[in-house]
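Enquirer: Found this in Swiss-Prot, in case it helps:
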- 1-24: signal peptide (SIGNAL)
- C58-C86: disulfide bond (DISULFID)
- C64-C221: disulfide bond (DISULFID)
- 67-225: domain 'GG-type lectin' (DOMAIN)
Amino acid sequence: MRVAGAAKLVVAVAVFLLTFYVISQVFEIKMDASLGNLFARSALDTAARSTKPPRYKCGISKACPEKHFAFKMASGAANVVGPKICLEDNVLMSGVKNNVGRGINVALANGKTGEVLDTKYFDMWGGDVAPFIEFLKAIQDGTIVLMGTYDDGATKLNDEARRLIADLGSTSITNLGFRDNWVFCGGKGIKTKSPFEQHIKNNKDTNKYEGWPEVVEMEGCIPQKQD
């Protein structure tokens, strides 16, 4: 009886050890697989992050050099979507900010710091050009000036207003007509014509929208004003 009991004990211990061994092996395999999957996912995530294109200020296509301000802007779309003006990753004017309107939309910024100074819009269809002229005359030297049209920005413009905008570096302002789309970035005290300007004429044969041309967009890097 004692021999039989001892034999049963030996068998029970052997079964226990075998079961423990099998379970430990299976668990180790699963652990290895889990760790392998974890490392694989980590490697894939790292690769995805490394291949993701970088984002630059205002969403422009490439980084600006030192001592330059990044900007991006778009004219309005017909009389439905307002213009958008972004400077140094700060949206200065947009429909979402509810500070745009029919006519010419203007944002002013400090040419040394990029700090926004003012944002306004002037109705050039049903409004008066006189306040716009006074606004243009009051702009201080060294100020960055960004402008974009919405709906119609030309009907009420007179020669004086156009001349003042031309003095900011605009070339196309003399030809801006009814419902043209136009974006411009210049500055008070600029000595040459600005390279930052886009203009598309209102033409019934080529208009993207009924009665309005397509949106014009522009981005670039504005040199910081030096002392």
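Backbone N, Cα and C define each Cβ position, glycine as well.
Bear in mind that the values here come from a model prediction, so they are computed numbers and not experimental data.
Map the listed features onto the structure and describe their local environment.
Expert: Long-range Cβ contacts of C58 (disulfide bond) within its own chain (separation 6+, distance under 8 Å): A70, F71, K72, C86, L87, E88, D89, E219.
In this structure, C64 (disulfide bond) belongs to neither helix nor strand by DSSP; it is coil.
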Enquirer: What are the sequence-distant neighbours of C221 (disulfide bond), meaning same chain, six or more residues apart, C-beta distance under 8 angstroms?
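Expert: Sequence-distant Cβ neighbours: I60, C64, P65, H68, F69, A70, F71.
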Enquirer: Applying a 10 Å Cβ distance cut-off over all chains shown, what neighbour count does C64 (disulfide bond) have?
Expert: 20
